Amino acid sequence: MSSAAVMPSSVTVRVPAKVNLELLVGAPREDGYHPLATVYHAVSLYDEVTVVGADDWGVGVSGPQSLGVPVDESNLALRAARMLAEVGEVREPVHVSIRKDIPVMGGMAGGSADAAAALVACDRLWGLALPRTELEEIAAELGSDVPFLLSGGTSMGSGRGEVLAPVLARGSFHWVFALSETGLSTPAVYAECDRLRGETPVKHPSSSPQMMQALRSGDPRALGEALQNDLQAAAISLMPALGDVLDAGLEFGALGGVVSGSGPTVAFVVENNEAALDLAVSLTASGAVQDVRRATGPAHGAHEISGPRPG
Ligand code: C5P
């Protein structure tokens, strides 16, 4: 019996944000990228990306964090869709709609997440069913964080962040994120990190035993103590108020705090859901933070949430 697959007329994919539990940065390579030893952790703060067949390529953005997202050809989700079309020899344009709840230029890989989601959504819409390794290769071309957002969970990242390896992590963690009204440019933060280091020799980064142990134990207190980010000093140098946000979170009972990726979002790990609520309220009431989000991790990577709808 022949069973022609029913192609959906639209596909919606949900994709998480990430925080780097550990982000160790080496000296810049010849291509300008920095070698990393990082631990990625996906958290339950999501964007939703919907793709639908259209007469021409296009992108639209809505939702609480849509301000500042480009809606032209530079949009990373649109670029992802176009790149997949080229690889899959597809000649059917799509319109990409992004519902954003992940902060823009916030150090939580919002743009990379949308690109990962667009790859998964278009792969399904066009019935390509590409092997995961091939999707990961396209993802890596789009950005260093994009492959991780395909898989989610908790993973080690090396190379420029695109080489993933599993890590043994137990349990789930509760997070409070302090959002900033303005973003930071990732290249600017890396450049500031290089500037602050000056001529000081930098050793090749490798992940710390403390972090591995904290993840194996699933103990939020141990995780709080092990959080570290080599870009933190650079982010604070460019946005000094982040130092006050970190101090406030720790003073209000967080088990640990760290600038997320290249910032300016600050991530705090807490004991449980109740502690997350308490910290979120305290940070908001203190006036040190304009906006907070609570989340848990690890979260699943980009995954379809639309049921198949015959076209
Ligand atoms: O890979 P992605 O496009 O997300 O990187 C954005 C920018 O961040 C790069 O152009 C580079 O300036 C900086 N970067 C870096 N080293 C990395 C990852 C990113 O210097 N490992």
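Please read every residue number as a count from 1 along the shown chain.
Here the Cβ of each residue, glycine as well, is placed from N, Cα and C on the backbone.
Per TrEMBL, the features are as follows:
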type: ACT_SITE; residues: Lys18; note: active site
type: DOMAIN; residues: 75-153; note: domain 'GHMP kinase N-terminal'
type: BINDING; residues: Pro103, Val104, Met105, Gly106, Gly107, Met108, Ala109, Gly110, Gly111, Ser112, Ala113; note: ATP binding site
type: ACT_SITE; residues: Asp145; note: active site
type: DOMAIN; residues: 211-284; note: domain 'GHMP kinase C-terminal'
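Feature annotations (TrEMBL) mapped to structure.
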residue	record	contacts (Cβ under 8 Å, 6+ apart)
Lys18	active site	Tyr40, His41, Ala42, Val43, Met108, Ala109, Ala113, Asp145, Phe148, Leu149, Gly261
Pro103	ATP binding site	Ala17, Gln65, Gly110, Leu179, Ser180, Gly183, Thr265
Met105	ATP binding site	Gly68, Gly183, Leu184, Ser185, Thr186
Gly107	ATP binding site	Leu184, Thr186, Ala235, Val259, Ser260, Gly261, Ser262, Gly263, Pro264, Thr265
Gly111	ATP binding site	Val69, Leu76, Ala77, Val104, Gly143
Legend entry - Neighbour tally for Ala109 (ATP binding site), based on other Cβ positions within 10 Å of its Cβ: 30
Inset, instruction - Compute the mean position of the Cβ atoms of Pro103, Val104, Met105, Gly106, Gly107, Met108, Ala109, Gly110, Gly111, Ser112, Ala113, which form the recorded ATP site, and then list in sequence order the other residues of that chain whose Cβ is within 8 Å of it. - result: Ala17, Ile102, Gly261
Legend entry - Mapped DSSP class for Lys18 (active site), helix or strand or coil: strand
Inset, instruction - For Asp145 (active site), just count the other CB atoms lying within 10 A of its CB, please. - result: 27
